[in-house]
Amino acid sequence: MSELSGKVQTVLGLVDPDQLGRTMTHEHLTMTFACCYFPPPQGDEAVAENPFQMQHMHWLRQNPYSSHENLLLQQEVPAVRDELLAFRKAGGGTIVENTTTGIDRDLPTLKQLSKDTGVHVIAGAGYYVDCTHTEATKRMSVEKLTDIIVSEVLHGADGTDIRCGVIGEIGTGWPITESETKVLRATAHAQTQLGCPVIIHPGRNPAAPAEVLRILQEAGGDISKTVMSHLDRTIFDDGELLEFAKLGCYLEYDLFGIEMLDYPYNLEVDMPSDSQRVKALALLVKEGYGDKVLVAHDIHTKNRLTKYGGHGYSHILKNIVPKMLMRGISQHQVDKILIDNPKHWLTFK
Ligand SMILES: CCC(=O)NCCS(=O)(=O)O
């Protein structure tokens, strides 16, 4: 039995799972999203160059990916520190920080933020989507990728001794590329060796989540210890959602706080509102999947920080939980979603 077994691995070391408390399973505290810049609508170029003014806040909420500066969350460490203190005050305990190789993971900063605020932070191993893979990464064998991921968990990542406590978010697009497929296989192999939690960023197509699970399962991955992220922008039909839920992974609604009309990465998608997200959670609970539901905000741009008039990392605790209760999700079930399910997912086998 490894020393990790029965424990959760934070950036400050191993902790007992009961210490985690209310947990956001998909956030970013420091990262760059420059890889996903999307040009502004014609005529909006000047606003896009200088969006952080009160009169542009609505524009920024609708076009968050069309301002270069908005994509540089790593410039906001002091504001994020304040946010984490507020998160603790609101009853939060733990953040799973999903930044992986390709979007500027910064482990020393995560460690410092955890020390400064008392919030447990769990860092992610592995690789983001194909367009961030270097040529060297694309040339690696599955075995080499597996060794790197295992080492990030056992010994530390990015030349530090700070260890990751989950694999992911592992980035995939649609269709899934050859390099992403290799990373998925390596993820499954590493998970088999480590007995660790895995979290996936699926492509923007309703078929993408199941295809990722198929690849992981074929490579020996443990689906029951795997989270499928971003279901809010991926599966819209209730019947399809319940079919997907049968596959046995954790089901994550992690874009709470994002309310936008046109989702630039897939204009076919109608991004749901927070009320619609709560409705999806209520459906999953009613249909017996309450042990599998997880929630988060996936903050990855500056405008979502309270410093810039955004909802911040405490939005779920302060605003969404009351809404969940109002829509018939019991307090017991809310506690499962915020405390028990994250704890079971994050504990090493
Ligand atoms: C790195 C953050 C991330 O990938 N977030 C998901 C954004 S979206 O694909 O849901 O638009």
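Cβ from N, Cα, C; glycine included.
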One of E169, E178, E180, E259 listed by TrEMBL as binding divalent metal cation 2 at the site of H201, H230: E169
Additional site residue, D291, D298, D335 [criterion: listed by TrEMBL with H26, H28, E169 for divalent metal cation 1]: D298
Residues near H230 (divalent metal cation 2 binding site) in space but at least six apart in sequence (CB under 8 A): H201, P202, E252, D254, L255, D298
Neighbours of E169, H201, H230 excl. site residues, C-beta within 8 Å of centre, divalent metal cation 2: H26, N98, G168, I170, G171, I199, I200, P202, S229, D254, D298
Binding-site residues near ligand 1 among H26, H201, H230, D298 (Cβ under 6 Å): H201, H230, D298
Under 8 Å by Cβ from H26 (divalent metal cation 1 binding site), same chain, sequence gap 6 or more: V96, N98, E169, I199, V227, S229, E252, D254, L294, A296, H297, D298
Cβ neighbours of E169 (divalent metal cation 1 binding site) where a neighbour is any other Cβ within 10 Å: 29
